[in-house]
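Marked as transmembrane segment by TrEMBL: 12-36, 48-66, 78-99, 119-135, 155-179, 212-228, 240-264. Look at TrEMBL and you will find 13-266 tagged as domain 'G-protein coupled receptors family 2 profile 2'.
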Amino acid sequence: MAGTLSAHERHVLTAVSAGASSLSFVGSGFIVLCYVLFKELRKFSFKLVFYLALSDMLCSFFNMVGDPSKGFFCFAQGYSTHFFCVASFLWTTTIAFTLHRTVVRHKTDVEDLEAMFHLYVWGTSLVMTVIRSFGNNHGHLGTSCYTQTGRTGKAIHFITFYVPLWGAILYNGFTYFQVIRMLNNATRMAAGMSERAYQLDARADMKALNRWGYYPLILIGSFAFGTINRIHDFMEPDKIFWLSVLDVGTASLMGLFNSIAYGLNSSVRRAIYERLELFWPERFRRWLPNNSKYRNQQQESELVSLKIQDQQ
């Protein structure tokens, strides 16, 4: 249905945004909590995931709060959401960069780059948010003040969010392609070796990293409908309700998708299992996963532990 959104349609969008953002807030908050509680997760590799989850959690939080009809809260909500959502997809590029630098280029200095990562992510997010304030004729879909009604504002919003977003998607895709190609070559080399240890190591690396080829799809799935909706909104003032629902719903679920893909890895599952094993009543332990399953997943640690600890 095309045309101006009715009050009922705006209420539906509000409910979709609040529900999806709540799921993302819980998912990313869980990863943040795991990082705070489990000391063994506080390695540099998982620290990047922590910053990603923290950005997602705050992005989701500001998506859920604030009354778009009130001026100050409208601006606060819109700019805060923009800042932390940009920071979220920028943190995924630092993870991709770290993997590439460690696996492909065999560098071990990634921990020394943490300050640069923070300057790059928070600085770029701030610059994009400040630029977005130009032409700031804010409006909303009944869900947040994240959109702008003026034509200039729409163009600036697209330039300050969707252009860097698709740049991050292209960079992540290219980087993961190179990482997976490198590990594929390592696997083929290991297949020709008689030492079983080399074969098992290469096989474990591929099991852990093959799934990373799908991670750029998280950003694509979260913002493809939003990109289409923004382009349509710029060209045609009448909104399409079903497209707006898909836009709001998928974008608000980004934090949940990231927390599952990046955060809920074997290291986190193993840490949770070990705590459950300590405090779970003896008669219920048979319902827990096999202990050896998690002990044998050491090779599949977060980002394959980026091989940092082994190389330093």
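Any Cβ shown, glycine's included, is placed from N, Cα and C.
Counting Cβ pairs under 8 Å that are 6 or more residues apart, the transmembrane segment (48-66) and the transmembrane segment (212-228) reach fewer than 3 and are not in contact.
Contacts between the transmembrane segment (212-228) and the transmembrane segment (78-99): present, as 3 or more C-beta pairs lie under 8 angstroms, all at sequence separation of six or more.
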